[in-house]
Amino acid sequence: MPPGAPDGPGHRRRTNVTASFSMELGGRTMTLETGRLAKQASGSVLVNYGDSVVLCTAVGSATPREGVDFFPLTVDYEERMYSVGRIPGNWFRREGRPTSKAILWARLTDRPIRPLFPEGFRNDVQVVCTVLSVDPDHPVEIMGMIGASAALTISDIPFEGPIGGVIVGLVDGQFVINPTAEQQERSEMHLVVAGTEHAVLMVEAGAKEVPEQTMLDAILFGHEVIKNTIIPTIKQMQAEVGKPKREVVLFNPPPELEQAVREAATVRLREAVRNPDKLAREEAVAAVGEAVQAELAEQFPESEKHIAYLLKKVLKEEVRRAIIEEGIRPDGRSLTEIRPIECAVDLLPRPHGSGLFQRGQTQVLSICTLGTLGDMQKLDDLTLEETKRFMHHYNFPPYSVGETRPLRGPGRREIGHGALAERALEPVIPPEEEFPYTIRVVSEVLESNGSSSMASVCGSTLALMAAGVPIKAPVAGVAMGLVEDPETGRYAVLTDIQGIEDALGDMDFKVAGTKKGVTALQMDMKISGTSREILEKALMQAREGRMFIMEKMLACISEPRKELSPWAPRIITMKISPEKIRDVIGKGGSTINKIIEETKVGHTKVEIDIQDDGTIYIAAVNLEAGERARQMIEALVKDPEPGMIYTGRVTRLMQFGAFVEILPGKEGLVHISELSDKRVARVEDVVNIGDEVTVKVTEIDRLGRINLSIKDAMPKQAASQPSGRPEARQPQPKPGQGKPGPAKAGAGRPGPGKPGPGRHGR
């Protein structure tokens with residue numbers, strides 16, 4: 001295991017009204033304080049870590065919620081823009097719906113605490129983490145997780161914690177706890193580990209193709225800090241300021257009813273559940289449930305909810321027994337067998353890239369769209385990032401599972417699954433310097449029977465390669481499961497779990513990566529934790545499954561396409577002096593808008609992005625239009641030279657000649673003797689203000705003044721086409737120069753998050 005000193009619990013300080021407890025995490029002090037703020041909550045803890053401050057509260061309702069068959073737990077992260085010294089950027093200038101980041105942070109806290117409430121507990125519990133101050137070097141998501149655990153532990157709500165959580169980074173070959181912002185930039189992984197004193201409960205990771213063994217070591221390294229530092233500190237809080245746990249009413253059917261349900265349903269459910277088809281299996285199980293309800297209705301009146309609960313319990317026991325004792329899964333597969341896989345690309349004609357991935361009865365259609373750098377997502381949250389160049393969005397419509405429900409936009413599950421696939425793919429996305437496009441991939445789940453997030457990873461890889469995105473390596477993903485018998489210690493690790501195995505199993509362990517290593521990992525335990533042995537087996541078994549799936553994908557498309565879709569924009573990159581930017585834009589955008597209008601083809605316009613350093617990106621579906629825009633910009637920024645011919649506009653008349661604007665902000669003088677090859681008595685006899693004339697540069701004197709001639713340009717005037725812009729009579733680019741496409745690295749482009757003076761087009 002790479003070296004690193006696990007931190008230890010610190011000291012406690014009390015006053016008349018507050019109690020605070022400190023510990024060292026990552027070489028910095030974290031303080032948990034209670035008794036001063038939000039005292040009417042069941043439990044309240046203020047977490048201080050560096051300059052970051054998070055208030056965590058937990059409240060439990062007095063009575064169970066009626067009519068539910070689940071534990072109604074809600075975890076919310078409340079981002080406050082004042083925490084980073086900013087005013088919200090929306091029209092109302094106040095916080096609105098939770099951002100995607102806040103939802104992901106809430107899920108990080110929800111997942112490890114949910115398994116630790118009593119079975120049958122139906123009281124509402126709400127955990128709220130309010131971010132009051134943000135220091136980028138001290139992660140508020142971890143503070144919220146620890147604070148929520150502490151608030152629940154010291155409250156009167158029944159909770160079988162505490163849990164703790166840390167971020168583990170890999171910097172210069174060393175594991176680092178809660179890395180600073182600078183360390184995170186250099187880290188090979190971003191691993192969140194949560195667990196109890198005895199076991200790991202939750203893992204969430206993004207990594208740059210890290211080997212499985214290194215990932216396992218990092219998980220266990222983080223758990224050591226949780227076990228030896230965080231848990232003792234929270235337990236000390238509980239011992240000194242914790243409230244006695246309340247007596248609650250648990251949803252618990254009477255023993256005689258349970259016995260009757262077992263006798264009536266066990267054999268029938270054993271037969272009904274063994275069916276490879278999801279819908280047929282669900283219908284058979286539902287039929288058994290209806291029959292048992294009817295048979296027991298007279299003996300146990302008004303017990304429908306208890307019977308339904310017990311039927312699920314018996315079904316769970318039967319599925320788990322068959323897996324552990326017989327090695328047989330509900331659809332008849334072996335423990336390591338992967339469902340049949342089908343892959344296809346180019347299903348859609350106009351989108352820039354599309355890929356279909358089907359594994360058993362899970363089917364995902366992924367679509368890739370390429371945009372300009374001006375299409376990057378503008379972020380308005382508490383993070384340091386300002387823009388986002390690669391996006392993956394996940395949609396899970398109700399028809400994918402044969403259900404109906406209102407379509408209200410992405411929920412927490414969709415946002416979480418989309419972020420997981422995005423994290424898996426991000427390490428292989430080419431940098432902006434190599435591929436100056438914004439990339440958006442959307443995964444449409446068309447059928448679902450488990451592991452749709454990992455199917456999204458596979459489908460997105462197909463779509464990216466079909467679109468011609470030069471990804472570093474293909475990425476595949478697989479979901480692993482676990483069934484463990486706590487009495488005997490026997491367990492089975494399942495490859496490619498389906499929906500029923502996810503619902504009735506003990507673990508959902510998703511692993512995505514390349515042939516080289518892991519790029520994303522997510523694990524959730526539904527029991528009190530897992531051991532190193534099981535984690536190692538799951539990781540190694542997942543690698544075997546991932547390689548099998550990748551082989552099927554590469555048989556469909558072996559590498560990224562060399563050419564982009566004809567409907568994708570081609571990007572021409574050019575560089576001008578920053579001092580010339582105003583010449584290209586013009587007053588109020590007049591010049592650049594004129595370029596866009598004059599290069600329009602049908603309803604399609606070029607898009608022009610100008611960066612602060614003078615880098616210009618011209619995006620055009622029509623190559624000729626993009627090339628014309630490039631030539632016009634080059635003409636605008638090129639300094640006049642003797643012999644060059646321009647079409648300009650007369651701006652002033654003097655007795656000795658006329659001033660002509662040949663470029664935005666650049667005027668030259670046509671002396672009266674140069675107005676015509678005949679004698680001119682008055683300047684007004686030849687030109688007037690506003691006239692368009694063709695002129696030739698005859699001289700640029702030592703003071704930079706430009707002398708022009710209409711007379712010398714007259715032989716060429718018939719061939720010119722006055723347009724108020726430089727004529728294309730200057731040297732043209734040689735064949736091969738200025739062609740669109742990805743520019744080479746080192747072209748002086750700005751980094752992400754540096755918006756230029758303007759983006760125009762579309």
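Every residue gets a Cβ built from N, Cα and C, even glycine.
What Swiss-Prot lists as Mg(2+) binding site is ASP502, ASP508, and the listing cites sequence analysis. A C-beta separation below 8 Å, combined with a sequence spacing of at least six in one chain, links ASP502 (Mg(2+) binding site) to GLY450, SER451, ALA479, GLY481, ASP508.
According to Swiss-Prot, the feature compositional bias 'Low complexity' maps to 729-747.
Sequence annotations record features per position, and here Swiss-Prot assigns domain 'KH' to 569-633 based on sequence analysis.
According to Swiss-Prot, the domain 'S1 motif' annotation covers 643-711, on the basis of sequence analysis.
Under the heading region 'Disordered', Swiss-Prot lists 711-762.
In three-state terms derived from DSSP, ASP502 (Mg(2+) binding site) belongs to a helical segment. When averaged over the domain 'KH' (569-633), pLDDT in the model lands at 88.
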